[in-house]
Ligand code: APR
């Protein structure tokens, strides 16, 4: 038995018995098996691109073409990526009625592609581009028509377009931020999956949930938190197994 399987039964039982349900917080780690690189650590995106030069809004204003190059590269990776068993397991837990919401720092849309319906995107997404001058929004796919081969692409008003992802130095979108706080404060369990929990404000959500009485479960081969349950293993191994145990417990209690 792996060192983490013993905890699964307790976590699954808590989920099935829970009144207030669980909230999930995800980060780049959950999408690594889908081929999307993480940000920190070995092979992380910030090893290749200095975030101060490529991921800060000031850098975007100073050198938009350079930042667009990195953003397009990431978009190409995301376009090829498919949900992995960890994303699918979370969609199943939602379907079974055990989740309040999936709060994600990821911009890859893989939770939705896996079938999760209530996804709170704290750092935006690649679905749209936004004009920094007039605020117009366009679907990413219309970029080809709007500004073919133009780097940086521009709006019809002449303003700079930026993918609707949050760069360092930018505010997080208001509604997702409020939702994230509400869902952390009102859950029984916060499942923290695949995040180094280094970037605020998402990094504060475990403390917010704990102060409101939730138990914290961390799933990460290199855990970052002092959680109530730590499952130090890849999410794509742990989460499908968690769903199996949840379904076993449901089956037993229904019988
Ligand atoms: N399953 C679960 N976790 C994993 C796996 C896996 N298979 N593989 C790696 N991890 C963990 C790593 O141990 C690490 O703790 O995923 C985490 C990834 O951390 P980061 O790269 O720092 O990603 P994240 O926490 O999402 O970064 C937050 O920082 O630069 C910004 O905006 C960017 O949204 C991003 C934010």
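Even glycines carry a Cβ here, placed using N, Cα and C.
Caution: TrEMBL annotation is automatic and unverified by curators.
Taken from TrEMBL as is:
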ACT_SITE  123  active site, proton acceptor
BINDING   131, 134, 155, 157  Zn(2+) binding site
DOMAIN    1-252  domain 'Deacetylase sirtuin-type'
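Apart from the site residues 131, 134, 155, 157, the chain places the Cβ of 132, 133, 135, 136, 154, 156, 158, 159, 161 no farther than 8 Å from the centroid of the site's Cβ atoms, the recorded Zn(2+) location. Here the C-alpha separation of residue 155 (Zn(2+) binding site) and the residue listed as 'active site, proton acceptor' works out to 22 Å.
Long-range Cβ proximity for residue 134 (Zn(2+) binding site), meaning a same-chain Cβ under 8 A and a gap of 6 or more residues, is found for 155, 157, 159.
A separation of roughly 17 Å, to the nearest angstrom, links the Cα atoms of residue 123 (active site, proton acceptor) and residue 131 (Zn(2+) binding site). According to DSSP, residue 155 (Zn(2+) binding site) is assigned to coil rather than to any helix or strand. In the vicinity of ligand 1, defined as a Cβ distance under 6 Å, the following of the recorded positions 123, 131, 134, 155, 157 are placed: 123. Take the binding-site residues 131, 155, 157: by the count of other Cβ atoms within 10 Å of each Cβ, the lowest one is 157. Within 10 Å of the C-beta atom of residue 123 (active site, proton acceptor) sit 19 other C-beta atoms, taking all shown protein chains into account.
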